[in-house]
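Quick look at what TrEMBL annotates:
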DOMAIN    278-409  domain 'O-antigen ligase-related'
TRANSMEM  18-36  transmembrane segment
TRANSMEM  51-73  transmembrane segment
TRANSMEM  85-115  transmembrane segment
TRANSMEM  121-146  transmembrane segment
TRANSMEM  180-203  transmembrane segment
TRANSMEM  246-264  transmembrane segment
TRANSMEM  271-288  transmembrane segment
TRANSMEM  294-312  transmembrane segment
TRANSMEM  319-338  transmembrane segment
TRANSMEM  400-420  transmembrane segment
TRANSMEM  427-457  transmembrane segment
Amino acid sequence: MSETFSVRFVRLLRQNMNVVFLILGIVVLSLLYPLVKDWQVFEPKKAAPPFFVWIFAIVMGGMAVATGVRAVIRTDATTFRKLLLISFVVAAVGQLLGFAIGAVWFFCGISYVYAIAQKKFYLPVGILVLLVAYYLFQMTGLIGAVETKDALHTLKQRLPLLGLPLALCCWRPTRTEWGVFLSISFRLVLVYLSCIILVSLLLNQYYDQSILSPFSFDKFYLKTHIPTLATSFCMLHWTHFAHPTYIFLGIFAIFMAVAVRQYLYREQTVSTVEIIYGLVALSCFAFITQSRLAMLFIPLSIMFFFLVRAFFLSQKKKLLFASFVLIIVGGFMFNGLLSHRFFADGERMQMRDIAMEAIDRHPWTGIRLGTMDNILQAQIDTDILLKHPHNQLLADGMQLGIPGMVVLVVFVGGLFYFAYRDRRYDFLLFLPAILLTMAVESPLIFVRGAYLLAFWFSVFAVSPTRKRDFA
């Protein structure tokens, strides 16, 4: 019996050497803090991760890339499609790093060239039409805009809402290519999360704190007694100082797509050990960065996963599922708009009050694009660089009036409708997190948020599905 267990254990280790190396790397390298005890974590030019963290990232990332490239080469596709697949992976992982914009437009450019060369285009599906329509409506905000330059800059930030749907009308991944894309992206995310955990352990030694200190709720917005790890320049070095919420959403999208393919469609993408390690690492990320959305949505997503499964397997549970989603979403939207608790503070409430006043003064036109930040800047004294109502509905209403709010509601409702109609389970699991984010943030007014949502909305709109229910 023990021999059988030993054989299985050794085989399991050999099949998951990447996870073994990641864990060993975190443990061993976290002991090297004495080499960098004079680390200046809050000096931007000196706050880069220590050299051995870079070596760890390069070696483990290189292993993941090598495995991924080998899988791409083995696919039965033309060289051009293989190049497209690689650029597709880079665009997805780029959402977590500092080259999201360049990666997305590189992918779009190759897609356009591929379609022109092949003289083959796909008809846009409903979700892609919604994205383009939403962007075209945003262009009406130029009419009567006081700050034309800022208004044009706003539209430029949201350009992926137009560019990515067009790219996915030029190229779409096959089922095999989709599986390769998910496996490469997932393994690169494991390296990414491992680096964050390693840096966190080093920062704990810098602050002379317990290893378990990142997992305390008494931090960040809840009056921390030490600087939160998420605010250090080192922790945000790879992300180009992106908000932890957007980093979580980018990782969450990949996790949901892998979960649906592996546990609903029964198509092997990565090993069970990798998935378990990924869930643990993602949970650590939520506490390390003090992302309240991640803390809330990791357990909720597991519940949603089984509810979606029950929803499509049993027609009798449709009403229960719909009621549950409405209660959850409605409750958090109400909290985001009115309360001063988990997702709100006094400063945010001031911004929301100003947004509501602007909607009241200009109900049908809004204040137009390009002026929202200036108005909030003039009325609120804060260190926040970009001011917004922390609610996408209020942000659209402030800029485009009640018509803008109606268009946003139709846009989000349409996303749910088409995701349900086309049985896009990964999109259905991803959308509640986006809806909650829109209730407490204004992701579409940020360049990182616009690129992230446009990318995953477009990708999930054309990802391979199964028309019949899963077994």
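Backbone N, Cα and C atoms are what each Cβ position is placed from, and that goes for glycine too.
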Note: vs the transmembrane segment (85-115), the recorded stretch with the largest number of Cβ pairs under 8 Å from 180-203, 246-264, 400-420 is 180-203
Spatial neighbours of the transmembrane segment (246-264) not adjacent in sequence (6+ beyond its ends, CB under 8 Å) are 92, 95-96, 178-179, 182, 185-186, 189, 192-193, 239, 270, 275, 278-279, 282, 285-286, 289, 291, 293-294, 297, 301, 305, 309, 425-426, 429-430, 433-434, 437, 443, 446, 448-449, 452-453, 456, 460, 463, 470
Counting only residues at least 6 beyond its ends, the same-chain positions whose CB falls under 8 A of a CB in the transmembrane segment (180-203) are 18-19, 22, 25-26, 29-30, 33, 36, 39, 41, 49-50, 53, 56-57, 60-61, 64-65, 67-68, 71-72, 75, 85, 88-89, 92-93, 96, 173, 211, 214, 229, 232, 234-235, 238, 251, 254-255, 257-258, 261, 269-270, 274, 277-278, 281-282, 284-285, 288-289
Contact count check, CB pairs under 8 angstroms to the transmembrane segment (121-146), set 18-36, 51-73, 271-288, 427-457; argmax is 427-457
For the transmembrane segment (18-36), the distant same-chain contacts (Cβ-Cβ under 8 Å, at least six residues beyond its ends) come to 50, 52-53, 56, 60, 63-64, 67, 187, 190-191, 194, 197-198, 201-202, 205-206, 273-274, 277
Averaging the pLDDT values of the domain 'O-antigen ligase-related' (278-409) gives 72
